[in-house]
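Features of the protein shown, as given by TrEMBL:
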type     : residues                                   : note
DOMAIN   : 4-229                                      : domain 'Orotidine 5'-phosphate decarboxylase'
BINDING  : D10, K32, 59-68, T122, R184, Q193, 213-214 : substrate binding site
ACT_SITE : D59                                        : active site, for OMPdecase activity
ACT_SITE : K61                                        : active site, for OMPdecase activity
ACT_SITE : K61                                        : active site, proton donor
ACT_SITE : D64                                        : active site, for OMPdecase activity
Amino acid sequence: MNTKPMIALDFSTAEETKTFLTLFKDEELYVKLGMELYYQNGPEIVKWVKNLGHEIFLDLKLHDIPNTVYRAMKGLAALDIDMINVHASGGSQMMKAAKEGIMEGTPNKSNLPKLIAVTQLTSTTEEAMRNEQLIQASLMDSVLHYAKNTCEAGLDGVVCSAWEAAKIKEITSSDFLCVTPGIRPAGASIGDQQRVATPQKAHEMGSSYIVVGRPITQASNPVEVYQSIKRQWNGE
Ligand SMILES: O=c1ccn([C@@H]2O[C@H](COP(=O)(O)O)[C@@H](O)[C@H]2O)c(=O)[nH]1
């Protein structure tokens, strides 16, 4: 388990991101940069955050034909990131192509970024999965199926909810990563998330990393909320 909660920096501009990070000037963070920030600010913001010394999960959730994902990953791997992802529903060949792209594109081959795959988004319910994706399995079985495919394709782990982490580790291995968004401190607004857990519960259920966005970024005192979540996540 990584002791630092990942902070999802879901901002539109580099300015907002930089202002937020100045609050944490004495802390080495693990941050998640996603589509909102990357699509509007490009590789420059990734390099800028990396230069501050923070670890980076680049959450772009690639999902395309294997050749396109291979070529995109090869380019992204040059950014010196620590973790990156694809959608497991893109298939085993696509996931293997993503891995090949990373291996070829990473300048320091002894320090490859972790490659993980999204199973079912934490905003998805079993009902929505059945009605919209026409998957008739239970949500747990669908997540486990994608996790098994991901493991067999040679990736390092998955994005799932904390509720699925223990079972995923059972069918893969104890060091297969379960990165879990949908984290909400008790009483916090759930927003569009569906499969949520508190930091404490995620700790108990075997998450490897927790991802927390709005409860921290929209707090009136983000540093205080981050420290409180960090304590709960570490079982203190
Ligand atoms: O299944 C998934 C995959 C990714 N995410 C991302 O995590 C954060 C969660 O932010 P909150 O504000 O804490 O809800 C966000 O960047 C998502 O894109 C996810 O939530 N679920």
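Note: Cβ is positioned from N, Cα and C throughout, glycine not excepted.
Unlike curated records, TrEMBL annotations are generated automatically.
The two recorded residues, P66 (substrate binding site) and D59 (active site, for OMPdecase activity), show a Cα separation of 18 Å.
Taking L60, K61, H63, P66 as the candidate recorded positions, the subset whose CB lies under 6 angstroms from any atom of ligand 1 is empty. Taking a C-beta cut-off of under 8 Å and a sequence gap of six or more, T122 (substrate binding site) has these contacts in its own chain: V159, C160, S161, T180, P181, G182, Q193, Q194, R195, V196. A 10 Å cutoff on Cβ-Cβ distances gives H63 (substrate binding site) a total of 17 other Cβ atoms nearby, all chains included. Long-range neighbours of K61 (active site, for OMPdecase activity) (same chain, six or more residues apart, CB within less than 8 Å of its CB): M35, N85, V86, H87, V118. Annotation note: P66 (substrate binding site) sits in a helical segment as assigned by DSSP.
Taking the Cβ of D64 (active site, for OMPdecase activity) as reference, residues of its chain lying under 8 Å away and at least six apart in sequence are, in sequence order, A72, G90, M94.
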